Amino acid sequence: MDINVVNALAYEDFVKLFGNVVEKCPLISAAIWSYRPFKDLADIEARISEFIHSLPDSGKEGILRCHPDLAGRDLQSGTLTPESQEEQSQAGMTTLDSAEIVHMYRLNSEYKERFGFPFVICARLNNKADIVRQLSERLKNRRTAELECAIEEVKKICSLRLHSIVLSDIQTKL
């Protein structure tokens, strides 16, 4: 998809197309639409990043709370967004055995209790062993460091989702 096509999208179509590049946060796409025309995909990413970084910590935490637990209840019940379903599947989270599911549940619960938001990692850039290792390691972080780390992971997820949309056929998304 050409950037000119993106720039020509009506507000409603833009939000529909890009509304889940940050999990369950269409407000971000709605806000950056005002910055059109975008120079390129990197410009869209920069605007999203600027928007996220302009938020107070409570806003950043809100973004993180929109993310599902990895291998959690939403995956088990089939209620993930299509993007999250695909990402967790690619990372091997859909093939965990019952002991691994229990272990992930325990780690996810410990993480949420410690930080107040779910563990976020770019699943498409990791496999299940990496995810478990990172989750265990990041439990040792200070809260402020972990908030920044998790937001950086959100930006990686966003970047990959943006690229997937732009490289796909726009007509199938609208």
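Glycine too: its Cβ is placed from the backbone N, Cα and C atoms.
What Swiss-Prot says about this one:
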{"type": "ACT_SITE", "residues": "HIS67", "note": "active site, proton donor"}
{"type": "BINDING", "residues": "PRO68, SER84, GLN85, GLU86, GLU87, GLN88, PHE119, VAL120, ILE121, CYS122, ALA123", "note": "substrate binding site"}
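It is PRO68, among the recorded positions HIS67, PRO68, GLU87, PHE119, whose Cβ has the fewest other Cβ atoms within 10 Å in the structure shown.
In this record, substrate is bound by PRO68, SER84, GLN85, GLU86, GLU87, GLN88, PHE119, VAL120, ILE121, CYS122, ALA123; the longest C-alpha to C-alpha distance in that set is 18 Å. HIS67 (active site, proton donor) sits 8 Å from PHE119 (substrate binding site), counting Cα to Cα. Counting other Cβ atoms within 10 Å of each Cβ, the binding-site residues ILE121, ALA123 show the lowest value at ILE121. Non-local contacts of GLN85 (substrate binding site) by the CB criterion (under 8 A, 6+ apart in sequence, same chain) comprise LEU75, GLY78.
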